[in-house]
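J.: Sharing a structure, written as structure tokens. Questions coming.
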């Protein structure tokens, strides 16, 4: 035992000899039991974790604004400091920090980085209070923190320096004198801090005064001292820094270098260790100069020596950061040295050799990259973004390290502190490997609620210069392609916001007109007593579908199908007609129109509107109308395999639907497919036939068979389709012209060819009258051999509805096509609907649309959809842009390969058209950017083949470029609605794919009673809004003052960076809405200028 003690004594004496300037008492090993971190955020948590690993108890301090921050929760104890002070001032309040430390038996204080970390007076205050400062001695902090003195020490140590002032400047004049001596560009730097704060490059005399003031103000706000010094600005240097570590015994080692050249506004964005393609001789000079300088000043603990390296490989000393750096992580990853552990052990009195930290043992192992994920918007000059993080999901996995504090769902990003959200560190065998891991991790991140720089970082990591060459501090400024940011889709959160808005403010169906429903009820024409006369339904019930079809074909004269009970009011009144109004007129129709071929009164839109808006049962409607009209056949639309929906249903569901529809009174099933896709149609035909219904196979019409220049949908195309349908056993052959594109000549050619080819099959033609040529087209069809045409009663006809019943009856009267319908009864029928239509005035298309339009021959918009798009355009205040909507529809149709446009294919074209208008995209831009745009789901599913294969195949290369995501389903459950907060918002809680999500939604009703700062109107030239959230530092103008375009108006501070707001125009200041210390949100009105 005595021998061992003797050896320890000899060793301690030896250590004393190596550091003769230290007293024996200072070299005693004193364990640390409790550490306070005088900082916040991720660096506080980083130190807490290291302390916990070493068995040291931890203490956090926090400002009043940081009560919800994570660093409070990670410490064993947490105490409030700076009560009543501003957010930054709280962490700069030395007396409070020392008081908390003494009251809670804190052994040592770690300053982190920023705030007080390089303040010698803080280090001294710790020493005076008997609390150890985890860092260099107060004297070394003072020397290194004073950039001018540090510069003098570097010169003394033989380290090259950049030309600069010998002391902090005290006036603008001194800066002007320096510029005259060394010429521009020059750079202002904060004398008592770093991190880019208080740093401004000046390139000419015009910028000098403004940049001097901004640099002084930023330095004062960030470090509590606005002192500046001036240096010659080195153009396009590399920014290389060396990590050093010293102990109390004079030992100093380096842990190699980091490349911090990728910067914006002098703040580091990406850091790499070791520096890529660095000459070994230059590395040796950098590291030896760093160690020599540290030894000269007796440096203890961790620090960084920073250099600029010009394009000739010459290096210049910048400064020493006498603290832990934000980017210390990459050094830890490549050296396997825990720098915070080392800081704590050195502070306790351990020597570097005792810790196994000797220069020859420090080796570089691979490469590490750190990306600072910040809440900044690269597309707007990296303006800080603030708010609430609604969604946070990180990227993890092999080779990834995350250091964060505010990165969690529900975190509030404040404008008062740094914009750093999380540090992501990736390690690999070399730079490309580490970059690949980093890119993958960033791709996994999902941050919603605030903007981040992740898309920008991904572009940096993919840049060939970054990966395979060297970068300098101008890398970002000279690579504008880095700002070609891939937009985030954010589909789930957008959907939650929409649902939340509906939950808070109720559903909104915007009505563009103030029309009120008529107070007059329609009068039902008189109906004779007794049973209604026989009609074609008796033929159907007696002879079956085949006999019914023969009777139709043998009938002399033109037969009519009345669409008034469905398609007419779908086209004109948004399908809002109630069963009540249909039932009232039903007996009149039964007694007076028994010779109609059928009534079209049921289909997909019936189901949609009955259940979503009318709250009626569509099955009950069918049953009640059947009881009132027993003699006229009913017809419905069946969308092939889609039945009455918008997606493919299982076969057995379609069969069962047809069976139940037939049992409840349906007779004729008009089966169609929006793409004329035969496999889908055959399923519907078989289902209708099996149910005992009349099968009417309908070919959807588009194009123009009379135009020799448009031959995608040629006469031969339609004849071939018809041949397949007749072979499949259709009872009736129909042409479904949803957009009203059939012109008289095309009618003659198409129907004439079909009649010649199929002389025994009844032919039925459906059209819309959008262009106003419907009557002429239907008469042409009748003369060419059509047996049935569709009409609507006069007061429900025309425009996007069907041609007029009265017009067809009158034009064929006394001819071989005579319909046998009484014109007088048509007038009575029409009068009822004219008055009934007034009940639906708010939904009547004539409120916004006064006529049809022949441009339908160009845009090919189906009748009902034409009405809906027109209504929606007016609802959104885009009535004057309806021409653009129609043009976009035509362009969208071309993009999708010129489709047949019938529900649901027409909806797909419409969705793409509205997407183009909303995002101001041309056809060429959509084609060019198809691989990055987030298209409507209906478009994606169409390109995936969900509704069938279009004639001619899918459009290429458009289809191949669109991201066809499969297997992505959102399962959403609404959970709860929160109370109103002071901002007029309610928090709405959901469960999304099993995880809790919430969104903040403005309560529009409550906000009407609350006062908010006015917003700048973007379409008013003289209104100047805040470009970002922040606090007003200075207002430079006053009402009545004349200003020139570009003149500074005020200064905003956000996240310790200052932004000057300049005048967008020349004029007179009419009103100022802010003052110094005003807190603003983005786009808040600052002032108004009158030209």
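Cβ coordinates are placed from backbone N, Cα and C, and glycine is handled just like the others.
On a predicted model such as this, the values are computed, not experimentally measured, just so you know.
Below are the features I grabbed from TrEMBL:
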| type | residues | note |
| --- | --- | --- |
| SIGNAL | 1-17 | signal peptide |
| BINDING | 147, 231, 266 | ATP binding site |
| DOMAIN | 151-348 | domain 'ATP-grasp' |
| ACT_SITE | 323 | active site |
| DOMAIN | 558-827 | domain 'Pyruvate carboxyltransferase' |
| BINDING | 567, 736, 766, 768 | Mn(2+) binding site |
| BINDING | 639, 903 | substrate binding site |
| MOD_RES | 736 | N6-carboxylysine |
| DOMAIN | 1021-1090 | domain 'Lipoyl-binding' |
| MOD_RES | 1056 | N6-biotinyllysine |
J.: Please work out the number of neighbouring Cβ atoms within 10 Å of the Cβ of residue 766 (Mn(2+) binding site), leaving out its own Cβ.
T.: 26
J.: Could you state the whole-number distance in Å separating the C-alpha atoms of the residue listed as 'active site' and residue 147 (ATP binding site)?
T.: 14
J.: Once 567, 736, 766, 768 are set aside, which residues in the chain still have Cβ within 8 Å of the Cβ centroid of the Mn(2+) site?
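T.: After dropping the recorded site residues, what remains is 563, 737, 738, 767, 790, 802, 863.
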J.: Please determine which of the binding-site residues listed here (639, 768) has the lowest count of neighbouring CB atoms within 10 Å.
T.: 639
J.: So if I measure Cβ to Cβ from residue 736 (Mn(2+) binding site) and keep only same-chain residues at least 6 apart in sequence, which ones fall under 8 Å?
T.: 670, 672, 698, 699, 700, 701, 766, 902
J.: Sort out the sequence-distant neighbours of residue 147 (ATP binding site) for me: same chain, 6+ apart, CB within less than 8 Å of its CB, listed by position.
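T.: Once residues fewer than 6 apart are set aside, residue 147 (ATP binding site) is near 168, 189, 190, 191, 229, 319.
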J.: Sort the residues of the domain 'Lipoyl-binding' (1021-1090) into helix, strand and coil with DSSP and give the three counts.
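T.: Here the numbers are 0 helix, 39 strand, 31 coil.
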J.: Other than its own, how many Cβ atoms are within 10 Å of the Cβ belonging to residue 903 (substrate binding site)?
T.: 22
J.: Whole-number Å only: compute the distance from the Cα of residue 639 (substrate binding site) to the Cα of residue 567 (Mn(2+) binding site).
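T.: Here the two Cα atoms lie 15 Å apart.
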J.: Between the Cα atoms of residue 903 (substrate binding site) and residue 266 (ATP binding site), find the distance and write it as a whole number of Å.
T.: 57
J.: Counting Cβ atoms within 10 Å of each candidate's own Cβ, which of the recorded positions 266, 323 comes out highest?
T.: 323
J.: Looking only at 231, 567, the binding-site residues on record, which one has the least crowded Cβ, with the fewest other Cβ atoms within 10 Å?
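T.: Relative to the other binding-site residues in 231, 567, 231 has the fewest Cβ atoms within 10 Å.
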J.: Taking all residues of the domain 'Lipoyl-binding' (1021-1090) together, what is their mean pLDDT?
T.: 88
J.: Report, in whole Å, the straight Cα-to-Cα distance of residue 768 (Mn(2+) binding site) from residue 231 (ATP binding site).
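T.: Per the Cα atoms, residue 231 (ATP binding site) and residue 768 (Mn(2+) binding site) stand 78 Å apart.
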J.: Pop the Cα-Cα gap between residue 266 (ATP binding site) and residue 567 (Mn(2+) binding site) into the table, whole Å please.
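T.: Here the two Cα atoms lie 66 Å apart.
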J.: Could you state the whole-number distance in Å separating the C-alpha atoms of residue 266 (ATP binding site) and residue 768 (Mn(2+) binding site)?
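T.: Taking the Cα atoms only, residue 266 (ATP binding site) lies 66 Å from residue 768 (Mn(2+) binding site).
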J.: Just report the maximum Cα pair distance in Å for the recorded ATP binders 147, 231, 266, no decimals.
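T.: The ATP-binding residues span at most 17 Å between Cα atoms.
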